[in-house]
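Here's the structure we're looking at; comments come further down.
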Amino acid sequence: MASKEETPDQEVYAFNADISQLLSLIINAFYSNKEIFLRELISNASDALEKIRYEAIKDPKQIEDQPDYYIRLYADKNNNTLTIEDSGIGMTKADLVNNLGTIAKSGTRAFMEALQAGSDMSMIGQFGVGFYSAYLVADKVTVVSKNNADDQYVWESSASGHFTVKRDDSHEPLKRGTRLILHLKEDQTEYLEERRLKELVKKHSEFISFPISLSVEKTQETEVTDDEAEPEEEKKLEEEDKDKEEKVEDVTDEKVTDVTEEEEKKEEKKKKKRKVTNVTREWEMLNKQKPIWMRLPTEVTNEEYASFYKNLTNDWEDHLAVKHFSVEGQLEFKALLFVPRRAPFDMFESRKKKNNIKLYVRRVFIMDDCEELIPEWLSFVKGVVDSEDLPLNISRETLQQNKILKVIRKNLVKKCLELFNELTEKKEDFKKFYEQFSKNLKLGIHEDNANRSKIAELLRFETTKSGDELVSLKEYVDRMKSDQKFVYYITGESKQSVASSPFLETLKARDYEVLYMTDPIDEYAVQQIKEFEGKKLKCCTKEGLELDEGEDEKKSFEALKEEMEPLCKHIKEVLHDKVEKVVCGTRFTDSPCALVTSEFGWSANMERIMKAQALRDSSITSYMLSKKIMEINPRHSIMKELKARAANDKTDKTVKDLVWLLYDTALLTSGFNLDEPTQFGNRIYRMIKLGLSLDDEEHVEDDSSMPPLDEPVVDSKMEEVD
């Protein structure tokens, strides 16, 4: 027990050593986040009100003297004080002595160690010492408190190592509750401004269960007539009236009219009014927005959800979908999640602060940038989470290790997926959702291993048979051909480019449906989806495309392969290391050839995407850029003619040029970029000359009208053309 001194009217106590050290740390160190003091004190007031409400359930007489529950703020600029008053359970003399100074809370030392280790001051409430945050802005604190079991007492301290307690007869009596009077430091007067106090209550305590009111100045203008304000002038006017009345008796009708007009003017003058300003004070409730997540979903209207969403997000549009739920049992929390109508333009900006989910603990705002609360792929979801189990003011340092938060996160993801599935039942709404947030779903496929199969059910793609409609993987599988083994897909830059790809020729001929994957993120997502409902996904631009063939077809193809073997070798010799090998294939019907990639390497589209990455790892790029495989169509007339010419003369320059031209063209039709566009252009020009029967060695004739290069430019004349 700390030492105690008595004076005739008050008792002086020394702070416990740990508390004294904590106060010294708060007063002498610099903290930028001082505004949290109000959150802590309002939270303490709310706790005190919860306690008396609980006591009143057992014994209604506890609230006979003061049946109202309230928290009130009063800023006194004249005395530089901020008062926070509540009608909670109040404190006895013993409570004031023990709770506010002589008995250290178990968390006092732990909080000091956390502060010295660099933690945020906003953690103070987590350790049960939130009251002392008052000294962040005040150099003296006065606590007036009245408990039903004791008289009214006042506690006071300037945090100078001691505090005083005495029976209170100098302050306005409390029926029950506590009144904190903060004597603000000279540089903290911003907390006397109505605007600032409203801002802090809205930010941190808007959803406290009890009404929070602020004493505000109200200016009212009233109209006062001049005759009320200036009685002397009125008397003078009356005397003038009397004199004129005596003269009126002898005047003509015309003069009577003149006098009447004069009287009207005079009457108007008499009734002339002016405005007087009166300043009054009244209580303005600050937390009018009730926490609708505390109500049952069946009790909340669509209009209330829309109003709350706009207030929460400052969005000018209504939300697209909402999920309102609560989790009870070993863990309790309530949540309200919204899907907006459109994605923010900077949704995937890496440096953007994620602040879409606001975290509350027992209606007290904690933070709005808790990245551990929801995965990145769901960062577009907006809403609130209110936990009954998390410690108040949980720190960022302990978030990642907090098991409660991990359970909340898991439930939020589950409920989001339920919400998205509900949206699929509304075709137009889901179409809007998918247009805006399909990239997020695909990012979820890439990142969320636990929910990958559920997210895959939400994916939609255009196909060779769907026209402009989007098709789900389930719909695709349900209408697969009986002899079809795989889910076929093709990746590319656009629907137009993939729709005319040579890789689709045989698949279309067999009436197999192919998925178009034209979003760059599709390349990453599809690598994680190995199969769907037991059907493996197969890229039709990579080697290993297996198609069911009859025995006769197989024998016929084997004969063609053997026949084309010399041409394959010759093409490989010409192209050298540009291709890994040259093979005969069955995937083409109309095209002579194309370039395929290895099954585990990058596709042409992925290669294009990765080359566009400015900060890519070049070592990985070279590893994944596996050699291309040239696959030729042995049934195509070009290949047959080329085989015949190569057989006649392997040194034929035209054959060599044609091989290179086929390779370059195959690069383009297969989705790759040209390695040497200039060489490709030269080959095209030679083919044009050949088609025009021009000599390949022919040079452009000299133009005699062209001045020599060594002549001055000014001497040359340009012919004028009309």
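Heads up, the Cβ atoms here are built off N, Cα and C, so glycines get one too.
Note that the structure is predicted; figures quoted are calculated from it, not measured.
Within 10 Å of the C-beta of F131 (ATP binding site) there are 20 other C-beta atoms, taking all protein chains into account. In the three-state DSSP assignment, the secondary structure recorded for F131 (ATP binding site) is helix. Residues or ranges marked as ATP binding site in Swiss-Prot (evidence: similarity to another entry): N44, D86, K105, F131, R396.
The compositional bias 'Acidic residues' annotation in Swiss-Prot covers 223-232.
According to Swiss-Prot, the region 'Disordered' annotation covers 219-273 (among others).
Positions annotated as region 'Disordered' by Swiss-Prot: 698-722 (among others).
Positions annotated as motif 'TPR repeat-binding' by Swiss-Prot: 718-722.
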Coarse DSSP state, helix versus strand versus coil, of N44 (ATP binding site): helix
Residues satisfying Cβ distance under 8 Å from N44 (ATP binding site), sequence separation of at least 6: G130, F131
Tertiary neighbours of D86 (ATP binding site) (same chain, Cβ under 8 Å, six or more apart): A45, S46, A48, L49, Y70, I71, R72, G177, T178, F210
